[in-house]
Amino acid sequence: MQLRKNQTLERFHEFLKLENEIGNITRQEAVSMVPPLFLDVHSDHFVLDMCAAPGSKTFQLLEIIHQSSKAGSLPDGMVIANDLDVQRCNLLIHQTKRMCTANLIVTNHEAQHFPGCRLNRNYERMELDHNIGQLLFDRVLCDVPCSGDGTLRKAPDLWRKWNTGMGHGLHSLQVLIAMRGLSLLKIGGRMVYSTCSMNPIENEAVVAEVLRRCGGSVKLVDVSSELSQLIRQPGLKRWKIYDKGTWLVSYKDVPKYRRSVILSSMFPSGRGHHDLVDSSCSVDPEGITNGINGNAGDGVQAVENPVMSESAAEVCDFPLEHCMRILPHDQNTGAFFIAVLQKVSPLPAITEQTKKKIDEQYVEPANQSLNDAQVPQITSPESTHEEVLNAVSEENVDDNEPITEDLEVGPVTCEEQNSKETREPDNVQNTTKRVPGKRKLQIQGKWRGVDPVVFFKDETIINSIKDFYGIDERFPFNGHLVTRNSDTNHVKRIYYISKSVKDVLELNFKVGQQLKITSIGMKMFERQTAREGSSAPCAFRISSEGLPLILPYITKQILHASPSDFKHLLQNKEVKFEDFTDAEFGEKAANLLPGCCVVIMCIGKTVAAESLKVDESTIAIGCWKGRARLSVMVTAMDCQELLERLLIRFDTEKGSSGHLDNSSNDVEEVQPVQELNRENDDDV
Ligand SMILES: C[S@@+](CC[C@H](N)C(=O)[O-])C[C@H]1O[C@@H](n2cnc3c(N)ncnc32)[C@H](O)[C@@H]1O
């Protein structure tokens with residue numbers, strides 16, 4: 001409360017909010033940024049973020065992929081950000097939109113059934129010279145749903161809500177998601193498993209079970225030398241399970257009636273009742289095993305685990321000390337668990353016995369309220385073998401599911417979709433279903449209620465855009481444009497995708513559209529719908545998102561403004577040609593074709609226009625050239641932020657800088673033509 005009353009802090013808060021909305025600053029709990037750092041992502045990597053929403057880690061991954069890209073070029077890598085929850089996917093799309101990336105696909109699947117997108121072998125032999133035959137990833141981030149006790153400091157509600165059942169209910173799902181991630185990982189690839197919980201059942205037990213199932217094909221990486229300044233504790237090697245008022249040391253202690261909930265894989269040895277009867281399961285009565293009471297051997301000080309202070313307990317044979325526990329008091333953060341896994345060889349074939357065991361072990365997660373965790377209702381079990389995993393994922397889809405005629409269909413726009421994960425019969429491809437008396441239902445391949453993704457190939461429109469903006473031939477258009485509307489005559493928005501995303505999309509078409517795509521690439525062109533737009537030679541304007549990428553290739557409809565005229569434009573949003581300080585600039589603006597144009601701000605006071613080179617530091621905005629004036633086509637918020645930055649940078653007109661026009665908080669991209677169409681506008 002006190003903080004809010006402090007005016008300086010209040011202003012700082014406003015600044016943070018604005019910069020966050022614009023995309024210059026991302027606010028994130030520091031510890032939550034750690035897992036992507038251990039992924040060792042390179043700009044050419046294909047990365048899968050399995051449980052990605054609301055997208056803070058996806059944003060980080062994209063930043064890493066893009067960090068060394070030059071203006072006008074895209075990295076070779078890409079990110080697929082997946083989440084089960086469609087609303088949270090939308091949040092992720094909003095967050096990542098600020099990245100202006102063509103290298104992102106957002107999907108909406110149960111991570112444990114993420115599609116394999118694998119071409120059949122014959123196809124593979126024919127086509128594989130230049131194309132990818134299966135969707136495999138160099139890096140997988142497995143930031144699974146968890147009980148969230150690591151966030152207790154910032155979510156005090158959890159003190160009341162958290163109970164041991166939450167972790168018990170999530171363990172199997174976490175194992176399944178991790179296994180699916182490993183099956184989609186390339187050999188040699190790295191996967192990071194993380195939770196914001198300190199519960200060993202959701203952490204070390206999951207890692208141990210995954211290592212057990214993978215039988216040597218996956219190793220737990222010792223990353224103690226990476227990010228050496230990060231204080232972390234080693235993973236636990238032994239723990240007990242608390243259930244119904246009792247501490248359970250071993251699976252044999254679990255009463256029969258609880259065995260569908262408390263699984264053998266939750267215990268350090270991972271051994272079931274039968275295995276334990278005559279086994280020599282390692283027990284560490286003194287608690288002297290590496291990493292429990294002393295130094296873990298890698299310079300990291302181990303702390304005593306409170307639930308382990310009593311006598312005998314099972315000890316896990318895997319090197320779980322390589323897992324990392326980040327504790328709140330170590331460096332004043334939230335708590336996080338991180339394990340880094342590397343796939344060293346193909347996952348082992350599953351035996352019938354193992355599959356049966358896994359089937360028996362799978363329990364539906366309890367219906368509890370979890371932090372960040374949307375517990376899904378999964379009915380089909382998963383197994384360890386990659387092909388079985390693929391088969392399960394693909395089988396999980398009921399291709400014969402009838403279309404429900406009375407399905408309530410909302411207005412399906414290019415960015416909206418129905419949250420129901422349902423599929424159409426296989427023969428339905430990119431069509432628009434007419435439901436009698438209802439609005440049209442978009443269909444993405446097999447996925448009903450999801451906008452289709454269609455390659456945009458309308459040569460007339462593409463050529464009109466190329467001609468109008470004089471887009472250099474070197475800019476790759478072919479196969480890089482997509483729309484979200486199966487009716488290509490009424491396309492409103494055209495999205496741009498990178499080569500890597502294009503490859504994945506082509507593969508997805510070949511495998512029968514297994515991916516349920518919520519968002520793809522970035523908006524590059526948008527149809528100008530207002531009256532004046534229809535009379536412009538080109539119906540499509542360049543979107544703010546797409547401008548930085550295409551800017552180096554634009555040769556027409558481009559103006560270079562002095563800093564003072566640029567500022568004038570931002571401040572007034574629309575300026576008559578004769579009102580620019582630089583008369584030559586006004587004249588050039590007047591001579592442009594009507595429609596969208598780009599205004600680049602020149603550095604320095606003089607306009608050495610044509611010789612200017614576009615690079616990462618170039619500041620440019622989209623404008624609309626009307627009959628008598630230029631109008632800015634940037635959101636009010638972006639205008640304000642850009643103006644503030646410029647005022648600081650050039651320190652022009654001292655004294656006036658503090659008073660920017662904040663009257664409009666409109667966050668949508670401005671449709672200047674609509675403004676121009678207002679009644680008292682002499683321009684129209
Ligand atoms: C811990 S949060 C992820 C946070 C995210 N990685 C970030 O950094 O912003 C877990 C996410 O998993 C999603 N989720 C829950 N069950 C899932 C499942 N079976 N498959 C995919 N996502 C799931 C939830 O909707 C939630 O967004």
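Just so it is clear, glycine is given a Cβ too, placed from its N, Cα and C backbone atoms.
Caution: TrEMBL annotation is automatic and unverified by curators.
Taken from TrEMBL as is:
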DOMAIN    1-344  domain 'SAM-dependent MTase RsmB/NOP-type'
ACT_SITE  C196  active site, nucleophile
REGION    414-437  region 'Disordered'
COMPBIAS  417-426  compositional bias 'Basic and acidic residues'
REGION    655-684  region 'Disordered'
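A 10 Å cutoff on Cβ-Cβ distances gives the residue listed as 'active site, nucleophile' a total of 28 other Cβ atoms nearby, all chains included. When secondary structure is read from DSSP and collapsed to three states, C196 (active site, nucleophile) falls in the coil class.
Per-residue confidence over the domain 'SAM-dependent MTase RsmB/NOP-type' (1-344) averages out at a pLDDT of 87.
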